[in-house]
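Feature annotation from TrEMBL assigns heme 1 binding site to CYS48, CYS51, MET54, ASP100. What TrEMBL records for CYS78, CYS81, HIS82 is heme 2 binding site. As annotated by TrEMBL, menaquinol binding site applies to ASP100. The heme 4 binding site feature in TrEMBL is assigned to CYS139. If you look up TrEMBL, you'll see CYS142, HIS143 marked as heme 3 binding site. If you look up TrEMBL, you'll see 11-156 marked as domain 'NapC/NirT cytochrome c N-terminal'. Per TrEMBL, transmembrane segment is recorded for 15-34.
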Amino acid sequence: MKSLWLKLKTPSKKWSVLTILSIGIIIGVAAILVPHAGLEITGSTKFCVSCHEMESTVYKEYQQTTHFSNASGVRAECSDCHIPPGTLATIGRKLEATNDLYQKFVTGSIDTPEKFEAKRAELAEREWERMKANNSATCRSCHDYDAMDHTKQHPKRLNR
């Protein structure tokens, strides 16, 4: 028992317990903060539209919608609609999104606005299927069905 205590008390002749503990705390904090910062940065609209084919197409259209500008002043960012709530779901979606980077930088299949437009319907269908699969969880994180005034809605929207 004394030898165990001695090893815990002086685990190294080179470094003190305080030094080793401090290094461990720094590594632990970094292990939490760095991935969190990465998720925050890659979840920003600025990051999402940093590709010129997105900036010149989807982003311009988004700027004309009520999700961008409305009477309440609440703006839905890309991640509000395209990243599901919950840590594991967010990480899973981010991993799926690496395919977009692969398609842009490796295969070149969506690396220009023209190529993006050619695949746009397919990409939109995939996104709509994802939203159906999670019962529109991202939509429902902002929209409360019971709070909606259905008399003010377009008839097409009522069935969604």
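Heads up, the Cβ atoms here are built off N, Cα and C, so glycines get one too.
Annotations in TrEMBL come from automatic prediction, not curation.
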Do you know the DSSP helix, strand and coil residue counts for the domain 'NapC/NirT cytochrome c N-terminal' (11-156)?
98 helix, 0 strand, 48 coil
Confidence summary (mean pLDDT) of the domain 'NapC/NirT cytochrome c N-terminal' (11-156):
88
Determine the minimum-neighbour residue: among HIS82, HIS143, listed as binding-site residues, which Cβ has the fewest other Cβ atoms within 10 angstroms?
HIS143
Based on Cα coordinates, which of the following binding-site residues are within 10 Å of HIS82 (heme 2 binding site): CYS51, MET54, CYS139, HIS143?
CYS139
If one measures from the C-alpha of CYS78 (heme 2 binding site) to the C-alpha of ASP100 (heme 1 binding site), what distance in angstrom results, rounded to a whole number?
15
List, in sequence order, the same-chain residues at least six positions removed whose CB sits under 8 Å from that of CYS142 (heme 3 binding site)?
VAL74, ALA76, ASP80
Nearest to CYS48 (heme 1 binding site) by Cα, among CYS81, CYS139, HIS143 (binding-site residues)?
CYS81
To see if you understand the setup: which same-chain residues, six or more apart in sequence, place their Cβ under 8 Å from that of CYS139 (heme 4 binding site)?
CYS81, MET131
